[in-house]
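**Q** Structure provided below as structure tokens; questions to follow.
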Amino acid sequence: MNWWQILWRKFITGVLGIGAGLFLGREGPSIQLGAAVGQGIAQGLKSTGMSRRVLIASGSAAGLSAAFNAPIAGTLFVLEEIYHNFSPFVWMASLAGAIGSDFVSSNFFGLVPVLHISYPRSFPLYLYWHLILLGVVLGLFGFLYQKVLLAMPQWYARFLKLPRYFHGLVPLLIVIPIGIMWPHTLGGGNTIILGMGNFTPGLTILLGLFVLRFIFSMISYGSGLPGGIFLPILSLGAILGAIYGTVMSDLGLLPSIYIMNLIIISMAGYFAGIGKAPFTAIILITEMVGSLEHLMSLALVSLIAYLVVDLLGGAPIYASLLARLNLGKKLNELSGRNDHLEIPVFLGSDLDEQQVRDVNWPKHSLLISIRRGEHEIIPHGDTIIRSGDTLILLIDHNEMSVVREIILKMSRSQMT
């Protein structure tokens, strides 16, 4: 892919789509723009393989950090959702890119965080049973979100007998009456979240707002127009938290002063369930709030929402979207170019406590090194792979996506 064409096209079309008020987030294009810049730098430096992928990862972290002014969350997003690896090299490069991007956006361009919610009141322990119920609700709605979003291209093709490039006209036409009747609902949803920090609407309005944002965010993203789902997910989570809190408050089971806590907590839980990236969700909301008061409640709800989606068979939404693009399709001929891949081994995985010779390694891959703590081992047939190891493999460039998925499945824990 040509990085320059991606850069200018994503920038212009992203500005037009998001500026029109579609229910899309700016974080998706920001990540893609950052990745394109990273690819451009790699091309300029003639970097290949591992170095090239690290530069792209660093650019992605920088893009998210610039959008949210949350460098730690931007780094964790790359590690959890994109790279699936806590390699020190990737970690440091991504963190450097995220911090640099945050500094430039804040000090040179004067950008303020798209979301900044300050609410120091902590959620009391005697009400923690609400968090368990809320986590289940967020997990169920998160699974529904995954299923509907992934089905949108098929629905567009079924109900619209138009070429794919005309699908973008649908949300652009629908947004006009929405903007006339409910202008405050337009955009990714940050104004709604910030507005609920000052005033929480009634239950009927919240239900209508959730239905509107859920349906039109699907229509907006499913059309194929550039835009992200990051911020729309957070806004839907906030609305769900407000609905749950309002219902429980009306029933006399929750003091109304804690509804704002549930709004904040639900953003993390909903994203953790849909993206299956709980660490990113927890740290992102913590950075947004600017306080550690909510850390325990954020972690509990995120964990429960994650487990509910996992039990229902949901997959990480970004991995599912990547798989739908069929980027892992095998090519007929090998390219002769090789890339390095680093994969961590988890406790209870198919690779844990196995000798190298006993592992059915996929074609077009070669295990060249094992990193164990601060030591690097040159493997041979008798070498035993242990949990906590990082495997370094040499893989044909054109087979990277396929081999990566196979190795990831082998290295994941089977104890869940």
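Easy rule for this one: first residue shown is 1, then count along the chain.
Using the three backbone atoms N, Cα and C, a Cβ is placed for every residue, glycine included.
Pasting the feature list from TrEMBL:
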- 6-24: transmembrane segment (TRANSMEM)
- 54-79: transmembrane segment (TRANSMEM)
- 91-115: transmembrane segment (TRANSMEM)
- 127-145: transmembrane segment (TRANSMEM)
- 165-182: transmembrane segment (TRANSMEM)
- 203-223: transmembrane segment (TRANSMEM)
- 229-247: transmembrane segment (TRANSMEM)
- 259-285: transmembrane segment (TRANSMEM)
- 297-321: transmembrane segment (TRANSMEM)
- 328-409: domain 'RCK C-terminal' (DOMAIN)
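Help me understand the surroundings of these features in the structure.
**A** Long-range neighbours of the transmembrane segment (259-285) within the same chain, counting only residues 6 or more positions beyond its ends whose Cβ lies under 8 Å from a Cβ of the stretch, are 68, 70, 72-73, 76-77, 80-81, 117, 119, 121-123, 130-131, 134-135, 138-139, 141-143, 145-146, 193, 196-197, 200, 230, 233-234, 236-238, 240-242, 244-246, 249, 294-295, 297-299, 301-306, 308-310, 314-318.
For the transmembrane segment (297-321), the list of distant contacts is 81-82, 122-123, 128, 131-132, 134-136, 138-140, 142-143, 145-146, 149-150, 229, 261, 264-266, 268-270, 272-278, 281-282, 285-286, 416: same-chain residues at least six beyond its ends, Cβ to Cβ under 8 Å.
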**Q** How does the model score the domain 'RCK C-terminal' (328-409) in terms of mean pLDDT?
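**A** That stretch averages a pLDDT of 79.
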**Q** Where DSSP helix means H, G or I and strand means E or B, what are the helix, strand and coil counts for the domain 'RCK C-terminal' (328-409)?
**A** 16 helix, 30 strand, 36 coil
**Q** Quick one: do the transmembrane segment (203-223) and the transmembrane segment (6-24) reach 3+ CB pairs under 8 Å, ignoring pairs fewer than 6 apart in sequence?
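**A** Since 3 or more Cβ pairs under 8 Å link them, the transmembrane segment (203-223) and the transmembrane segment (6-24) do come into contact.
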**Q** For the transmembrane segment (91-115), name the stretch out of 6-24, 54-79, 165-182 with the most CB-CB pairs under 8 Å.
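**A** Checked against 6-24, 54-79, 165-182; highest Cβ contact count belongs to 54-79.
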**Q** Are there residues at least six beyond either end of the transmembrane segment (54-79) with Cβ under 8 Å to its Cβ atoms? List them, or say none.
**A** 26-27, 30-39, 41-42, 45, 47, 85-86, 89-91, 93-102, 104-106, 111-115, 230, 277, 279-280, 283-284, 287-288
